[in-house]
Amino acid sequence: MLLAIDCGNTNTVFSIWDGENFLCTWRIATDHKRTADEYYVWLSSLVQLHRLEVTISEAIISSTVPRVVFNLRVLCNRYYDCRPYVVGKPDCALPHAPRVDQPASVGPDRLVNTHGAFDRHGGDLIVVDFGTATTFDVVDSDGAYIGGVIAPGVNLSLEALHMAAAALPHVDITLPEKVIGTNTVACIQSGVYWGYIGLVEGIVRQIRAERDRPMKVVATGGLAPLFEQGTEVFDAVEDDLTMHGLVLIFDHNRRLESA
Ligand SMILES: Nc1ncnc2c1ncn2[C@@H]1O[C@H](COP(=O)(O)OP(=O)(O)O)[C@@H](O)[C@H]1O
Ligand SMILES: CC(C)(COP(=O)(O)O)[C@@H](O)C(=O)NCCC(=O)O
Ligand SMILES: [K+]
């Protein structure tokens, strides 16, 4: 079975793929100080709790946080006796090479997302991922990542308002009932929610104009379903897009090795 690990700046997601299905998906806060032993204790107790029959013998990692990769590699070597593929490293091949100024500096999560989305939807896509940052990744007709947009994430924007303005509390994002807020919390929620809807719709419109062709929009990330309620701009919302991309990239490398 394959252990697929997607490490973002806020959360790290672990999924186990049995060749046909994901048996489980679990999240842990990203923390570069976490050791291989700590990951293993956490993972194996969840496996036990869910009474899963699991034998991990292969692994693939995508990480936007370079320092966590060392301990994740140790986890795979020590406890699962395997050498993981790490997306973005030279020994992990990609089916579609990115066409940008510095391919090596593209966030691996973005490359994984574009592979997952291209496989499901074909070319000329915009992939929107609501993570710590909100990213827009443009996929060409042949599946290559050709650039995109990085905007501050929803929770970062809320946190920045709270940090910079003495009278503004920390609030959580929700779908506001109205645009005009009648108290401080409602005003902030409206500004971030509808501001974000405007950001997403505006960027999508401008990307389509720049590319001058029809493009599908696929959204992913924990907050995608919330934003889907306020706009018609998404053609699909898929919470397993990154994991799907990781499985595809893993299979591609396996095929290359056995060829
Ligand atoms: N369902 C959700 N509801 C509210 N906030 C969420 C949800 N899912 C994720 N978040 C928040 O969105 C932010 C980005 O989360 P995540 O997608 O895990 O980011 P990353 O991939 O950068 O680690 C985090 O602040 C997280 O707490
Ligand atoms: C843009 C990101 C911070 C998004 O990370 P995330 O929100 O998933 O934690 C990450 O993809 C990254 O560090 N990218 C490197 C720069 C680039 O993609 O061009
Ligand atoms: K992201």
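Cβ coordinates come from backbone N, Cα and C, glycine included.
Just so you know, TrEMBL annotations are computer predictions that nobody has curated.
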TrEMBL ATP site partner of Asp6, Cys7, Gly8, Asn9, Thr10, Asn11, Thr12, Val13, selected from Thr114, Thr132, Thr134, Thr135: Thr132
Listed binding-site residues with Cβ under 6 Å from ligand 2, out of Asp6, Thr12, Gly107, Pro108: Gly107
Distant-in-sequence Cβ neighbours of Arg110 (substrate binding site), under 8 Å, six or more positions away: Val127, Asp129, Thr135, Asp137, Tyr145, Gly148
Listed binding-site residues (Thr10, Thr12, Thr184), ranked by Cβ neighbours within 10 Å, top entry: Thr12
Where the C-beta lies under 6 angstroms from ligand 3, the matching binding-site residues among Asp6, Thr12, Arg110, Asp129, Thr184: Asp129
Neighbourhood of ligand 1 - binding-site residues from Asp6, Gly107, Pro108, Asp109, Arg110, Asp129 with Cβ under 6 Å: none
Greatest inter-residue Cα distance in Å for the ATP-binding set Asp6, Cys7, Gly8, Asn9, Thr10, Asn11, Thr12, Val13, Thr132: 14
